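Marked as transmembrane segment by TrEMBL: 20-42, 48-68, 80-99, 132-154. The annotation region 'Disordered' is assigned in TrEMBL to 173-228. Look at TrEMBL and you will find 194-209 tagged as compositional bias 'Polar residues'. Residues or ranges marked as domain 'FtsK' by TrEMBL: 390-578. Under the heading ATP binding site, TrEMBL lists Gly407, Ala408, Thr409, Gly410, Ser411, Gly412, Lys413, Ser414.
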Amino acid sequence: MRRRRKPKPTYDSEETKVVIGLIFLFISIVITLSYFLTGPLFVFVKSLSGTGTVLFSGFFFLFALYLFKASFPFATKRSVFGMLLLTISFSSIMASLFTSSGDERALKYGGLIGFHVYNFLNERLFLNFTPVFLVFVMAFSLPLVMSVSFVVFFEKIGRAFNWLLEKLRKNKSEDPSAMSPSTEINTFGDFRRQNNTPISKSGNVGDTSKNNDQDKPQTVAKMSGDKQTGPKVAIVEKSVEGAFVNEELLYPNWKLPPADILDSFKKKKPSQANINKNADIIEQTLKSFGVKASVVDVLIGPTVTQYALDIALGTKVNKISNLSNDLALALATSSNSLRIEAPIPGTSYVGVEIPNEDRETVYAREILSDEKLLSGQYRLPLGIGINLKGDDIYTDLQKMPHILVAGATGSGKSVLTNGFIVSLLMSRTPDEVKFIMIDPKQVELSDYNGIPHLLTPVITEMDKVINALKWAIAEMDRRYTIFKDAKVRNIEAYNKQMGFSAIPYIVLVVDEMADMMMSTNRVETEAAIVRLAQKARATGLHLILATQRPSVDVITGLIKANIPCRIGMSVTTQIDSRVILDHIGAESLLGMGDLLYKDPTFSKAARLQGFWISSEEIQRVVKYIK
């Protein structure tokens, strides 16, 4: 039997790539050594790229890492190509700077590569245009090397430039010897990148007055807790150490995003094709089971149509509820999608809800363009959706004072959470509302990074969650101390006394609570959430918690007891519905924003269709705010 020959490695095989990578790594080391050593080989290598020797070495080093498939941030094809462009353009620019001094100096500083590339371009381009073209190529290569988009790169350049100008302006206007190390703006997270607010000598954020008392002690509050594994908290003090209090409005000329930044919509007329037919089927089906009922009213909502039944005196309501499967069969609809509400709140009728054949989408502009959002009727207005009557439904987070949202995958939970955030961004300034966002998925809330409403960049690392919760508790306690000294009871009274939003509301948003509870110290996390839910209302700290797993180990009894406002979206079982709403019904929802809204002022949940907001709309709002 003939022995099989081992296949020869091809040019793109792993073995070949490793060998070539080792060669490139060796070349990189030789080029680097040529910068410090002398000798025929090193002199020749240095003459290739002149002052761009380090960049030339970096090109071969990145190429070697790319061939090794190393998990290095810049070990990508894009970075390798960018480094090649950067090396050539830099060497050519150096050659162009010394061309007037003779070819010898141009060769020395630009190397053979830069010298010949510059001469080649000079022959084909206008003489004065060649340096401009090379500078453009070099600027083009930098974001390629860093493996970031051009927009992000130039945004970072702009931020760095603005920061430098601010530093220079501040150094001119203030005596450096009077500055204390604690006057630097710090919060838990990179707040400096987002808020270029001038700091006074007293260390108060936004206090630009010159008549400050420089003898005040300037202290910085740190994150409570023994272990500070996450980012530290350091917020300037006013009357209480570490209290987040503004001396004046930081954004007095803030412009809220206009409603026309959102997608336009066309209102559809509800179809009444099968209304009478379905009403007759319901009456006849119930009659066949010995229940006398007549349809007295019909409400056509965006998602479902509700038929109000007037039943005969002496008929048990449970009897109609037990006939839901029979009604679904007669109406040719799924038994899971037919819902019976007995009785309809505020009436003596029984409601039968049937899915619409043509479902209507509720758009964000339809809800968020309402004057109620800006009228001042609500302190923290949240748009939710449209009810069966066609009314726009809003709520005030300050009165809730926390919201719990639960729904399975595809129910529209994340869209609703984003809708809440955009509602506040479009109606409140950064002086009025601040956010702490926790996003275990890392993709749902990342669009909001960089907005001035954020106290910290969106938290995606679960080991930092408990630090954020501890900071919120410490801030809550500090605010209570301020209120006690000011002899007021809550944030609303304090801001009224001050005459402006001296203390902003803080909204803590958690996109996936179940993942947060599993990834952190569950006991400590639950205790922190419960304490905030119990005491934080008066201090202006509010929670928006969302989860796709409404089980008792995630939504515990203590959490439920302190969060009376709950929104149940489509879930899989009646048990899940009872956990979130304390009664069944959410298992019959249709998903995609169909929800049951349980307001603390009402005993029964109302059925709504939540509004749809796309990622493009969110990005437009964020871009406007930035």
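Residue positions begin at 1 at the first shown residue.
Yeah, the Cβs are placed from backbone N, Cα and C, and that goes for glycine too.
Values in this document were obtained by computation on a predicted structure and should not be read as measured data.
Within the chain carrying the transmembrane segment (80-99), a Cβ under 8 angstroms from the stretch's Cβ atoms is held by residues 49-52, 55-56, 58-59, 62-63, 66, 105-111, 113-115, 117-118, 121, 130-131, 134-135, 137-138, 140-146, all 6 or more beyond its ends. Other Cβ atoms within 10 Å of the Cβ of Ala408 (ATP binding site) number 19 in total over all chains. For the ATP site, the Cβ centre of Gly407, Ala408, Thr409, Gly410, Ser411, Gly412, Lys413, Ser414 serves as reference, and the other residues of the chain with Cβ at most 8 Å from it are Gln548, Met569, Ser570, Gly591. The Cβ of Gly410 has fewer other Cβ atoms within 10 Å than any other of the binding-site residues Gly407, Gly410, Gly412. According to its DSSP assignment, Gly412 (ATP binding site) is coil.
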